[in-house]
Amino acid sequence: MTPYGPEHLAVLVVIVVVGILAVVHARRVRGTPAEHRLTRGAGWLLLVVSLLWMAWGLLPQNWDIEQSLPFHFSDALRIITAIALITRAGWAVAVSFYWGLTLNLQSVLTPDLTYLGDPVLEFSLYWFLHAMVLWAPLVLVWGLGYRPTWRGYGAAFGIAVGWAGVAAVANAVTGANYAYLAHAPAGPSLLDVLGGWPWYIGVEFLLVGAVWALMTWPFTTTARTEHAPLADRWGLVRRRAIPAAAASPTTRAFARS
């Protein structure tokens with residue numbers, strides 16, 4: 001697929017429009033039974049489609065050592081985002097926020113889409129999955145009121161380093177290029193401006209750490225945390241309280257249950 005060709009631009013428009021609508025709807029249903037039906041349903045859908053996508057790549061006719069094994073960051077992110085939507089676990093919400101809005105965004109803006117068997121199916125699933133893990137943190141944070149914390153920042157960064165280690169081992173064993181740790185992707189990407197291999201790996205981690213810190217800081221000011229108590233036992237995320245004046249009787253009853 002040609003980057004920023006008609007197909008790519010059309011997909012980007014759909015992603016933006018659906019993302020806005022999803023956040024608006026999430027705000028309307030927050031604190032009601034529909035909120036949990038929405039996120040759990042989306043989480044299970046994402047999980048099932050992600051597992052089917054992995055299985056598709058493992059079929060003999062689709063096998064490609066560079067693509068079929070689930071060691072890219074996007075492979076882990078799909079499962080973690082599904083967990084975040086289904087369980088609201090703090091660590092999963094934090095990873096969904098940081099990875100989904102940065103690492104995944106690179107795959108949206110500079111897609112590395114290689115067809116293995118069925119171009120229509122693979123085009124559809126590639127964009128569905130990347131869009132889902134972009135919409136999820138938008139809904140969780142700007143729709144349902146979850147807020148990152150510095151502990152969540154550290155957890156997401158630590159998990160990213162750990163997953164990079166897993167991918168590096170997979171690359172050493174298979175000779176592949178998972179997580180683009182062996183070389184930059186063939187098409188244009190942000191890595192092209194970060195220096196040659198292996199220097200871009202260190203630069204990327206420094207850049208990611210700085211960007212994630214900037215993403216965290218606005219949510220950790222006193223004004224932002226005053227009405228956003230910790231939402232998990234480890235302090236990885238907060239959640240903004242629903243203003244009493246804005247809560248309907250149904251919302252207040254559900255929040256007390």
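Glycine residues also receive a Cβ, built from the backbone N, Cα and C atoms like all the rest.
Automatic, uncurated: that is what TrEMBL annotation is.
Pulled from TrEMBL, these are the features on record:
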TRANSMEM  42-59  transmembrane segment
TRANSMEM  79-101  transmembrane segment
TRANSMEM  125-144  transmembrane segment
TRANSMEM  156-179  transmembrane segment
TRANSMEM  199-217  transmembrane segment
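For the transmembrane segment (199-217), same-chain residues at least 6 beyond its ends with a Cβ under 8 Å from one of its own Cβ atoms are 97-98, 101-103, 148-150, 152-153, 156-157, 160-161, 181, 184, 191. The transmembrane segment (42-59) shares the most Cβ pairs under 8 Å with 79-101, out of the stretches 79-101, 125-144, 156-179.
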